[in-house]
Structure formats: C-alpha cells, structure tokens
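Taken verbatim from TrEMBL:
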| type | residues | note |
| --- | --- | --- |
| TRANSMEM | A:21-39 | transmembrane segment |
| TRANSMEM | A:59-78 | transmembrane segment |
| TRANSMEM | A:90-106 | transmembrane segment |
| TRANSMEM | A:112-135 | transmembrane segment |
| TRANSMEM | A:144-162 | transmembrane segment |
| TRANSMEM | A:194-213 | transmembrane segment |
| TRANSMEM | A:242-264 | transmembrane segment |
| TRANSMEM | A:270-289 | transmembrane segment |
| TRANSMEM | A:296-318 | transmembrane segment |
| TRANSMEM | A:324-343 | transmembrane segment |
Amino acid sequence: MPKVAIVKRELSKIATVLAKVLVILLGLLLAATLTSIATGNPLKLISITLFQSFTNLNVFVYISTLLPTAVGLSLAFSANAWNLGAEGQLVFGAIGATFIALFTPLGRQEIIAPIAALIFASLFGALWALPAALLKMFRGINEALTTLLMNFIAYYVANYLVKGPWRGRTVYGYPTTDMIPIESRIPTAPGYSFSWYVVVACIAIAVLLYLFLYRTRVGIALRALGSSIHFVELSGLSSKKLFLIAFLISGALAGFAGGVKILVYHKKLVEGSIVGGGYGFTSIMVSWLGGLNPLFVIPASYYTAVLYILSFGLQIGSAAVGDALSSTIVGFLLALILLADFLTRYRIVIRFR
Amino acid sequence: MLVEVVKIISDPLVVALALWVLGDIFVERSGVINLALDGIITAAIATAFVSTQNFGYLISLLITVTITLAFASLFMIFINILHAYHVLTGLALNILFYGLSALIGLRFQQSPSITTLNLNSLTLASISILTAALTWLILYKTSIGTAIRACGFNPRAAEHSGVKVWRIRFLASIIGYIAVGIGSYIYATVYRGGWSQYTGRGYGFLAITLAMASTWHPLLSYPITLAFGYLYTSIYSLQLLYGIPPDVINAIPYIASITIVTIVYSTPLHKKLATPRALGEVYFREERAA
C-alpha cells in the first residue's frame, strides 16, 4: 500500500508567479474551447472575441471598481482579517457619496463636490466595516460571517432608501434617486463610462499601499499578523490596533470604489444589488489572484476585468445562455486559481514501502 | 393562533428552509465555513426541476440528492485535500454552480413549470421536525456527532484523540448535504413548481444566517427558522397592516443573527452552547506538533 502525504513547500516568488500565469493561460484556452463546444461557434471567432476583450478600453470601467476594493482587501487578508463585506461597504460608500452630492450644499461646488463625496464614501465604507471589526476584537466573533451578513443589510438599506425617503421625484420604472448634480460628477473619457482621473488615482492607491505594506514598520507588522500574533505583540505593536487598521482601510477603499461607481458610472443611487453588482465578492478573488500584493493586484484586476468584457462578448447569441456560460467559466477559472495555489504551496509525496 | 402555527410549520418554503439550515449546521459544526451552500442549492433546485420534468417525482429525488452530494464532494475535495481557504473555495464554487444551474435548467427544461407535488401538511411538518430531531440525535448522542463537533471546536485536539479530521469533515458534509438536497427538492417540486434562471439564489446565504442565529444548535434552529418563516410568508400583510417596508423585514434575519450571536458570545451561554470555534480554520495535519 503506497503512502500518500501532502507536504508544505516554499517555491520562489518567480516560480509562484509563473505557475499562476500558466494556469491563467491554460484556463483561458480551456474556456475558449468549452465555449466553442457549447455555443457551436468556431474556435477562431471565440479567440477573436477573447483577443478583443484584452484590448477593449472598457476594462477600465471594471478596473476602477475592482482595483481599489481588491487592494484594500489584500491588506485585510494579509493581516488575517477575513473581510467578506466589501460588497456591503461598497454599497454604503455609494450611499455616502449620493448623500453628499444630492442632499448637501457641497454637491453644487465644482471640484470640491467629487472630492468631498469620495471622502465621505470612504468614511461610510469604513463605518460599515467597523461593527464586524469591533465584534471580532472584543467578543471573538468570526468576522467572515458577520461581514458577510452586513452585505445583505447594506443591500436592504440601499433598497429602502431608493424606494422610500430618497426616491427621485422625476423617476419612473426602477426605483432610483434623482440624478446627482453635474458639478459633483467626475468627467469621463469621451465615449466611455470611466474616468482617467479615477484610473490614475486607483493605480496610485495600489502603489501607495504597496509601499505601506512592504516598506513601513506598521505595514510589515500587519503582514506578520497573518502568520503569528505573538511576534507582533513582542515587537511592541498592538495586534488589535493593527487588525482594526487593516479592517478600516479595506472598508474605506471599498467605500471609495462605491463612491466612484456613483460619481462616474450610475450618477444616481440605484438598488443595492445593482450598485454592488457582486464586485465586492469578485474583488476577494482578485486580491487572492494578485497574491495579496497590491502591485500584483493591478494585473489581476485587469485580467478579471477582461473576463467581464469577455462574458458580455459571449452574450451575443442568447443572453441567458451567455450569462450562464460566462458565470460557469469565471467560476471554473477561479477554481483553477485555487488549484494553482495548492500546487505552489504544497506537494504530494507518495512513498512505496 | 394555533392554525397560524400549523400553517407555518407545514409551509413547504419553511420546510425547505429548515432542511437547508439543518444541513448547514452539520457542515459548519465540523468547522467548515459553508459558503458554497448558496451555489449548491441553486444547482440542486435546477436539477430537481428538470429531472422531475424528465423522469418523474421519485427518480428526481434520487438524482437531486446524488448531484447535490457530487457538488458537495467537489467542495470538500478543495477544502480537505487541496487545503484551500474555505471562504475562497465557497465564493469561487458559488459562481461556478450559479452558471451550472442555469446551464442545466436551460438545456434540459421542457416547459417553464411543473405540476406541484401535493403533500399533506402532516407529511411536510413531520419531515422537518424529524430532520431536526435526527440532526440533534446524530450530533449530540452518537460518537460520530461528537467527532464532528470536536473537529469544529478544535481540530488539532480532535486529531490527537484519534479522530481523522479530513474524513470526519467529509462525512459531516455528506450527511448535511443529503438534507440540503431533499430541501432543494421540496423547494422545486412542492413549493415552487417552476424554474427560471437562478431560482433559489440567496436562500443559501439566508440558511447560513439562520444557522448562525441559532448558534449552530439544531433544536434552536427549528423555532428560529419558523419565526423567520413567519416573517417571510407574511411580508406583504405586515406591510399592509402596519406599513413596515418589505426591505426592513428582509433585513431582520441578518440583523437578528448578528445581535443574537453577540449576546451569546457576551454571556457564559457560549460555553454551554460550544459554538464551533475553529470555523473556517484550514486544517493541515502535519502542523499538529506545533
């Protein structure tokens, strides 16, 4: 009887990155083949759609939501803070931005309005992350579950607002608020629904957080929190404080992304599940794909954005089948990433006695 | 009052929800965060619907449970053999299962509805009550149940006392997902009788919430499921009578769940209830010496 055991291993950084890239490429190839079988389209057409998705400028629409959220989450996950509430924090950020833009005099000031709205969005996002962090710190309640539940509460708060007190006076059909004033919108690139300012800001945030996480004392302690609390405590920093910092930054960045969605994309508050759109959940996978390193999260969010574009490309035939197929493929690719993660961190030893 | 209670207990939606919650309790008691539940329920409902249309009610039940177990095994392979983080696996597989559910439904459905299966209230009520009692018996009165709870509380200590953690977690998910499969079958054939894309999506998260609100105790979970079942089934009458917006009622389970768990953790109650403390811990066997 051969003995099978699973043993940990440490691959070099380059090997880990290479393995992930390989899995991604393999996954894309498999996805294209599967799609061509399922839809009956020739492989060449699918490949062209795939190639076009990589060069489509619309990826920046998704990047400006996914990147800040995922960068914040990679900070939280590095500190072993399982914040699954990015979706809710994003929705709450959107509520904060809408509040400033629609209901305060600030919303009518040029330049000041979008900045104030984004600051408020970040504050709201952090605020929505706070209860789960406090419950974990002082009561030891599993933060993954509480943050998960907070997502749904945020959805319903947004739904309540757009159907009730904030419902627009000139709105028919789907419940939404009124459009936010022009002064508070962020100018978009002509012909597209994303803003270069935001894209630049998002990349700057990623670089800044990389520097914070890898070049400052607090950042390095944060990452150490993931492996051993005792070492961090011995170095004289409070592990609870670090945990709170990581949690609040991730909440604030998700809120920022929500604010961006309102000021650039929707230009009004809509129902919770539409604002969130599942991006908060996807960002969790994005940050993991980027290996929890803010710099690698940039290509990871680009890749995920391409998948979104690709899934719209697949919907041309039949929207229902296309949506189902793209969801299957995205889930399949994410599962492949987990498999790659296993292969880089563990190896299987088989011994014959 | 009594009539109301009987109506809730035998409501097919509440019965399905109770089974999902109980199935989830099995899985989470063994220390696995069961986020893939939502996707698996969605896929199981689609399976139950199309197989009823194609093969009749009885074979459909078998197929649904088998497929559910196959999906659950995939989830467990990721967690127990590939050592993937529970949360990430759950979220990734959810997306995969949502897609699969729609593919299954769209590919094999013949018409958008089926005639619902008529079960009398006594059968429906007894299904959920028996499952609750059985869950409690297995978890608290058998050695397997003790092992399951030990894995959820402290897998390292469990391994030291001779429990094979991976095996027990696998076993717990198999038992739990049988209940989940039956629940999805009841939802599709008795309650809904129809299918459209992504039918049933969201109930998995609700079940996880209700399991958490009952601190993963099967006997507590039943009355809690009934209470939220009442709120859910009377959502429109509550709006008409008292003017409570439906979104407020929808948010209640989630708020209540966090509140209840906070209260339980703040009092000595949590020692008595022994909530699964190692929930979400990736168990790596070679590390037990550390």
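Note that Cβ sites are derived from N, Cα and C of the backbone, with glycine treated the same way.
Curation plays no part in TrEMBL annotations; they are all automatic predictions.
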Problem set entry | For the transmembrane segment (A:112-135), sequence-distant contacts whose Cβ falls under 8 Å of one of its Cβ atoms, 6 or more beyond its ends | 81, 83, 85, 88-90, 92-97, 99-101, 106, 141, 143, 146-147, 150, 154, 181, 183-186, 243-244, 247-256, 258-260, 262-263
Problem set entry | Cβ contacts under 8 Å made by the transmembrane segment (A:324-343) with residues that lie 6+ beyond its boundaries | 19-20, 22-24, 26-28, 30-31, 34-35, 38-39, 285, 288-289, 307, 310-312, 314-315
Problem set entry | Leading contact stretch, A:90-106, A:144-162, A:194-213, A:270-289 vs the transmembrane segment (A:242-264) - CB distance under 8 Å | A:90-106
Exercise. So which of A:59-78, A:144-162, A:270-289 has the most C-beta pairs under 8 Å when paired with the transmembrane segment (A:90-106)?
Worked result: A:144-162
Seminar exercise, completed: Outside the transmembrane segment (A:21-39), at least 6 residues beyond either end, the same-chain residues with a Cβ under 8 Å of its Cβ set are 45-47, 50, 303, 314, 317, 321, 325, 329, 332-333, 336-337, 339-340
